[in-house]
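Engineer: Residues or ranges marked as active site, proton donor in TrEMBL: HIS181. TrEMBL lists CYS275 with the feature active site, nucleophile.
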Amino acid sequence: MTVVLPLPRAAEPLERVATPRRYLMCAPQHFEVSYAINPWMDVTRGADRDLALRQWETLRRTYLDLGHQVELIEPVPGLPDMVFAANGGLVIEGHALGARFTHAERRAEGPAYLRRLGSLDLKTVSEPVHVNEGEGDFLVVGELVLAGTGFRTDPGAHTEVQELFGIPVVSLQLVDPRFYHLDTALAVLDDRNVAYYPDAFSPGSRAVLQRLFPDAVLASEADATVLGLNAVSDGRHVVLPSAAAGLAAQLRERGYEPVGVDLGELLKAGGSVKCCTLEVRA
Ligand code: ARG
């Protein structure tokens, strides 16, 4: 006789496991706010480049101290937003897709990043057909790619990514211009969990997120508006803007280890931790 025991309710694992990552970053050597292509950017405000460099260096150090590998790309004069490496491409299982930027001001970053990706030990590097701003709008969660559209990345690029990588792509509609890239509204915590700010999404996309991630961490407006969701996780440590104190507490409650970093100068261009970080997935 077989005794069927009731399945224990799956408990949230208390021990979150970090896996070593490989990142690509670009020093803010030529950082400034000289044009405005998102609501965070105010050309009259001025940004302190030396402070930006110091803050960025702290982020790089943080990754190295956590045991991750950091590759660099040479900053190009005249491309002040090049520090936001996440926008430079998408790399999954050793295959890379280059970026194609929405705004003329950033267009030259596409080929620069493509060249750098080509110099890494990747299996293939493809030029993009449709407008896509790399990991700004494409976030990998386990066997899925979440893809943002509404402000930057063309929905045609969502299909392009699905065809190129053979991974299901879920399109999500962004509706608040402050959260113009998916990585400003949603953070991947590990292969199954995300955190997001519901109001950044259309009702339909909110419903999709609710179905896919019923246990997601929901961020407050206060944490979202300091770009708290612009975070990078290794499965255990979640590197995020230090101002997002509420989100850090929520993450700690779920067994993650929040690591706060101040990137206040880069926030003046509408970017933070995740924007500065492109993950190179082997
Ligand atoms: N100033 C840049 C832009 O508007 C910021 C990009 C931030 N990057 C990101 N992955 N969200 O394009």
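In case you wondered, yes, glycine gets a Cβ from its N, Cα and C as well.
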Engineer: What Cα-Cα separation, expressed in whole Å, is found between CYS275 (active site, nucleophile) and the residue listed as 'active site, proton donor'?
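Structural biologist: Cα-Cα distance, CYS275 (active site, nucleophile) to the residue listed as 'active site, proton donor': 9 Å.
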Engineer: Secondary structure at CYS275 (active site, nucleophile) (DSSP, helix/strand/coil)?
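Structural biologist: The three-state answer is helix.
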Engineer: For HIS181 (active site, proton donor), which residues in the same chain are close in space, meaning a Cβ under 8 Å from its Cβ, but six or more apart along the sequence?
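Structural biologist: Long-range Cβ contacts: ASN87, GLU133, GLY136, ASP137, GLY148, PHE151, ARG152, LEU174, CYS275.
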